[in-house]
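Enquirer: Sharing a structure below in structure tokens format, with a few things to ask.
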Amino acid sequence: MSLTLRKLDSADAGFAAQLRQVLAFEASEDEAIDRAAAQILADVKVRGDAAVLETTLRFDRVEADSVAALELSPVVLQAALDGLEPTRRAALEAAAARVRAYHEKQKIECGTHSWEYAEADGTVLGQKVTPLDRVGIYVPGGKAAYPSSVLMNAIPARVAGVKEIIMVVPTPGGVRNELVLAAACIAGVDRVFTIGGAQAVGALAYGTETVPAVDKIVGPGNAYVAAAKRRVFGTVGIDMIAGPSEILVICDGTTDPDWVAMDLFSQAEHDELAQSILLCPDAGFIAQVEASIRRQLDDMPRKEVIAASLSGRGALIQVRDMDEACEIANDIAPEHLEISAENPRQWAERIRHAGAIFLGKYTSESLGDYCAGPNHVLPTSRTARFSSPLGVYDFIKRSSLIEVSEAGAQMLGEIASELAYGEGLQAHARSAEYRLQRTTTE
């Protein structure tokens, strides 16, 4: 099997350009895919259920008399949960409990409650926090079925207080993933439709005779789903358009190289475009990691995917020191950042941009993917510079509260009218002045 590992040195004159080449990734904007998604969305918007049925038959080879027949009842979800092998069910329930506990803590700590304060003249200002009414969760089907994603998308919505959670999941050839359905049961999903693709996004965004329109759509999907989510944004909210998975490992050379190699594999096995990078000041340790990669690769069931990912977008980078490693990490702004060092918190203080930070050699990224508790839906493609993990805050909205007292209207009215006249908006000014007149005449 062909495996070419790119090895860079930050001391080289051309390092900056080499790093940019490693990081270069433009999300595929295939015009044919975008046109196809647009056509499907337009069809669903006009014809509703009929369009959903036709596209589901065409793409998933599932024939149904009605969209209602594609909805799974709570009994079916419970049966999927009850049918799990006991240790698998226990693991799923334990993961769900940890994800729920973390997001309940997040709800308390992250400004998800209403607040207000009163000024001296009696004017009250504040903010009203309200959960979204209805959220749609897209869950990939077939080989890319991830029950952990059901937990990570549905549980924060439920903790936030979303009234209704609608899940869509394709079942190619009519084959259901029982673990995904069991996860939906545990996470508290209200309704599940076995539809997917752009047609499912359209059904959630616009609503059909059977599928209710939602306020926000979250969850990963293929290129057609991504194109559809881009197009319906504005009609509904979306979480993000995620790129390929990424891991960046900063290591001081004190971790077992086999552990580091497997951590790099953990993202490389997702797909050929996934990115795995190691930053380390110890050239000898980097050589040990490379040897471990080559030794362990043949034992991996997805070795072809891993090899393609590491050859195409991976890198082993020698840095001058750990300080420089942190600087480079901030520039990369990775989805997952492992700091595998003896004193990880010392270096974590220097990190400004990362979707999730995994501290210490015992904290493998895979623990965060499944059961640590924090959300595994993370910003990719350097968007961690301005974006955050999916959380409870993504399922709430904020309304400003303004209750002006009679005395407050006198003071604020003078300010507002002066500024409004300056902008040439006489009605704005007059509206404020009416309150002044009423206050002075009454």
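Backbone N, Cα and C atoms are what each Cβ position is placed from, and that goes for glycine too.
Grabbed the feature section from Swiss-Prot, which reads as follows:
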type: BINDING; residues: Tyr138, Gln199, Asn222; note: NAD(+) binding site
type: BINDING; residues: Ser245, Gln267, His270, His336, Asp369, Glu423, His428; note: substrate binding site
type: BINDING; residues: Gln267, His270, Asp369, His428; note: Zn(2+) binding site
type: ACT_SITE; residues: Glu335; note: active site, proton acceptor
type: ACT_SITE; residues: His336; note: active site, proton acceptor
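I'd like to know what surrounds each of these features in this structure.
Expert: Secondary structure at Asn222 (NAD(+) binding site), as computed by DSSP, is coil.
Around Glu423 (substrate binding site), taking its Cβ as the centre, 9 other Cβ atoms fall within 10 Å, counting all chains.
Sequence-distant contacts (6 or more apart, same chain, Cβ under 8 Å) of His428 (substrate binding site) comprise Ala416, Ser417, Ala420. Secondary structure at His428 (substrate binding site), as computed by DSSP, is helix.
Neighbour density for Glu335 (active site, proton acceptor): within 10 A of its CB lie 29 other CB atoms from the protein chains shown.
Under the three-state DSSP scheme, His336 (substrate binding site) falls in the strand class.
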Enquirer: Out of Gln199, Asn222, Ser245, Gln267, which of these binding-site residues shows the lowest number of other CB atoms within 10 Å of its CB?
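Expert: Selected from the binding-site residues Gln199, Asn222, Ser245, Gln267 on minimum Cβ neighbours within 10 Å: Asn222.
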Enquirer: Considering Cα atoms only, can you say which of Ser245, Gln267, Glu423 is the nearest neighbour of Gln199 (NAD(+) binding site) among these binding-site residues?
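Expert: If we rank Ser245, Gln267, Glu423 by Cα distance to Gln199 (NAD(+) binding site), first place goes to Ser245.
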Enquirer: For Ser245 (substrate binding site) and Glu335 (active site, proton acceptor), determine the Cα separation and express it in whole Å.
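Expert: A Cα-Cα distance of 7 Å.
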Enquirer: Give me the CA-CA distance between Asn222 (NAD(+) binding site) and His270 (substrate binding site), in Å, as a whole number.
Expert: 13
